[in-house]
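Before anything else, here's the structure in question.
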Amino acid sequence: MQLHLYNTLTRTKEVFNPQDHANVKMYVCGPTVYDNPHIGNSRSVVVYDLLYRIIIKIFGKKAVKYVRNITDIDDKIIDRAESLGININDLTNKVTREFHINMAYLGCMLPSIEPKATEHIDVMIEIIERLIAQDHAYITDNHVYFDVLSAPNYTELSNRNLEEMFEGVRIENSKTKKNPQDFVLWKPAKQNEPKNVNFSSPWGLGRPGWHIECSAMSYKYLGENFDIHGGGADLIFPHHTNEIAQSRCAFPSSTYAKYWIHNGFLTVNGEKMSKSLGNFITVRDLMDKQIQGEVVRLFLLSSHYRRPLDYNDKAIDDAKKTLDYWYRAIKEINVQKVDLPSDFMQSLFDDMNTPLAIKIINDYAKGVFISKTEAERKFNASAIITCANFIGLMRKTQYEWFNNDIDKLYINELINKRLKAKKQKNWLLADKIRNQLLEKKIILEDKSDCTTIWRKE
């Protein structure tokens, strides 16, 4: 059984054959930490979490290195910090913590390495210097730009001609560039900006462009060539297109990533998610509604990862009903560990066909209810748990699932928020949180050592 993945670069489904089976390398574009993650961001994380699990199953955990970056320097971050009147580091640290809480809620494993852009400025400068030395980049008006026309096969990933690619794309500082399509590698500091948003470089105080960050961090931890590069379909152009161009030009013998995997868009009630439309939904919003993380994870896996996925109340309700059905199917059965069924694994090995994998779990659940022998019931129930666990689901006992109206992660998050409020003598907020939990029949008990424990009424 071989893993097949759709490669955007070749536009074909290919057998996954890493360059070194003992050192499989995957890079995924992580969050820009300026605001709380929305469910569209989360789809990407859940998809590549599943791919990580599949690759570990094939090659072993020690053989797989999964790098997912944190972009913690960006114009959006600077603008957001200024609008909130807070230090940029306070903002990025806060949003990064929220991202980790959200991904734990969704049952995602941590990557092997999670580098921050601000901690890799030296590598970015090294690559930019290489590009300048090889006439792929130039300095003008205190900026460093990449010369797009110098890059061979620039349009290979997007499979569009150059004019089409840039239609409707906002191009800044076009008067100072050789070509309007050239993109920034390094930009100078602006007047009155906070000191901690800019860095020393051979071209003066400034900061990197967005695209160079991922090239630098993938090079640092995975080398010139690696196996998989993942991200949302919206990143194909310009971000991933520019990554390939600058990395291959900086390292002429490099092919950069071999397999390019892209997940589809997420809409809300048939419309593109947008703050202006008022349909912008964060993971925190779902947590506040006490929607269990497993429900959201199953919803995000319910459609094939390359297809669009629409968020709506019915889809979430359907995911909840499916999980209820699975948990009911294992009632009072002493489940045992069984091998992952071959048809289930075949579905995942076929370009992560999660709709088929979910159908197979449903078939095992049906099998429990129509089984004629206890041995058959036990096998079907065990297969449900084994398959669901593999894709990051059914991590609770049946009792926990049906008797926990509120997620433990969410309870502890509120308790920590309440403790912080008490330290700040914000008694109104502390009482509000206590009452909020009390409505869910959660009783708090403050201890003499300044900790708080909880129990269900």
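In case you wondered, yes, glycine gets a Cβ from its N, Cα and C as well.
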For the Zn(2+) site that Swiss-Prot describes with C29, H239, E243, which of these is also annotated: C214, C249?
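The one candidate that Swiss-Prot places in that Zn(2+) site: C214.
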With the ranges 31-41, 75-85, 372-382 to choose from, which does Swiss-Prot describe as motif ''HIGH' region'?
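Comparing 31-41, 75-85, 372-382 with Swiss-Prot, motif ''HIGH' region' matches 31-41.
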Which of these ranges is annotated motif ''KMSKS' region' in Swiss-Prot: 177-181, 192-196, 272-276, 432-436?
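Matching range for motif ''KMSKS' region': 272-276.
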Quick check: which same-chain residues outside C29, C214, H239, E243 lie with their CB within 8 A of the centre of the Zn(2+) site CB atoms?
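Everything else in range on the chain: W210, H211, E213, S215, H229, G231, L235, H240, N242.
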Can you tell me how the residues of the motif ''HIGH' region' (31-41) break down into helix, strand and coil by DSSP?
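Helix, strand and coil residues of the motif ''HIGH' region' (31-41) number 3 helix, 2 strand, 6 coil.
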So if I draw a 10 Å sphere around the Cβ of C214 (Zn(2+) binding site), how many other Cβ atoms end up inside it?
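Other Cβ atoms within 10 Å of C214 (Zn(2+) binding site): 27.
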Can you count the other CB atoms that lie within 10 A of the CB of C29 (Zn(2+) binding site)?
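That number is 22.
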Sorted by position, what residues of the same chain at least six away from E243 (Zn(2+) binding site) have a C-beta under 8 A from it?
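Once residues fewer than 6 apart are set aside, E243 (Zn(2+) binding site) is near H211, C214, S215, S218, H229, Y256.
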So if I measure Cβ to Cβ from H239 (Zn(2+) binding site) and keep only same-chain residues at least 6 apart in sequence, which ones fall under 8 Å?
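The list for H239 (Zn(2+) binding site) reads C29, W210, H211, C214, G231, given in order along the sequence.
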